[in-house]
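Database features, via Swiss-Prot:
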TOPO_DOM  1-8  topological domain 'Cytoplasmic'
TRANSMEM  9-29  transmembrane segment
TOPO_DOM  30-102  topological domain 'Periplasmic'
DOMAIN    95-292  domain 'ABC transmembrane type-1'
TRANSMEM  103-123  transmembrane segment
TOPO_DOM  124-134  topological domain 'Cytoplasmic'
TRANSMEM  135-155  transmembrane segment
TOPO_DOM  156-168  topological domain 'Periplasmic'
TRANSMEM  169-189  transmembrane segment
TOPO_DOM  190-228  topological domain 'Cytoplasmic'
TRANSMEM  229-249  transmembrane segment
TOPO_DOM  250-278  topological domain 'Periplasmic'
TRANSMEM  279-299  transmembrane segment
TOPO_DOM  300-306  topological domain 'Cytoplasmic'
Amino acid sequence: MLNYVLKRLLGLIPTLLIVAVLVFLFVHLLPGDPARLIAGPEADAQVIALVRQQLGLDQPLHVQFWHYITHVLQGDFGTSMVSRRPVSEEIASRFLPTLWLTITSMIWAVLFGMAIGIAAAVWRNRWPDRVGMTLAVTGISFPAFALGMLLMQIFSVDLGWLPTVGADSWQHYILPSLTLGAAVASVMARFTRSSFVDVLSEDYMRTARAKGVSETWVVLKHGLRNAMIPVVTMMGLQFGFLLGGSIVVEKVFNWPGLGRLLVDSVDMRDYPVIQAEVLLFSLEFILINLVVDVLYAAINPAIRYK
């Protein structure tokens, strides 16, 4: 297992290098001139040229790329074109709000999604199944920004129970986490139901029932563990999606996280911040997939030897 983990970690290097090349080319293909945006609408051509020189944008593209990649390999992601702060500081100040929002969203999404999925599988083709799957389809189909605005209108504007924007207290996490986790809970519910339906028809489940074991214990002990392997895969993918896909929710709730930072950076063509964030999101996905593979071995020890 240790050798497998080390090989996967070494595989990070070429993957991240490819991502670094692609994101560098992508940001330089974006329309708009960062120097003009930073200099302001009133700036003349001389001022814009001076700003472009200060940012290093007057150099040939291959020179810019070499400067960028050599600094990245040294752990230096440059300086933000807008704030003039190191990119690492910009990301560090926004990382924790996004991480806590993601964890909060994932916890309730997994709990509710798995509960709905298990209930739908156990009472298949009956009213719990129909109600649960209707809710799941609705959660997947409803756009996140629309759900966020609806929740704000009801619980913040009309009822005045919860704050609308910011991340100062635990109450600020409720509406954004519900909005962000709704689609994930829906996916988890459908995936858990599908996995459990297959498990419930296995021979060992019928054997456990024949021995007189209660249905609740059969489902929780024998069914849950064997149904968890594909569900864990989906959990890992969805966690990565939440970390990198919270852009819309963070924008709606004015959340001080990485998603909003990325949107603001794209608006201002802040190349160093965009490049660093995309690399960070790629690294997160790779590490999450590695953690999922390790969790397989914890759930089913037989996988360790394959």
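Just so it is clear, glycine is given a Cβ too, placed from its N, Cα and C backbone atoms.
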Cβ-based contact of the transmembrane segment (9-29) with the transmembrane segment (279-299), 3 or more pairs under 8 Å: yes
Averaged pLDDT, computed only over the residues in the topological domain 'Periplasmic' (30-102): 81
Residue counts (helix, strand, coil, in that order) that DSSP gives for the topological domain 'Cytoplasmic' (190-228): 33 helix, 0 strand, 6 coil
DSSP-derived helix, strand and coil totals, residue by residue, for the topological domain 'Periplasmic' (30-102): 46 helix, 2 strand, 25 coil
Residue counts (helix, strand, coil, in that order) that DSSP gives for the topological domain 'Cytoplasmic' (124-134): 8 helix, 0 strand, 3 coil
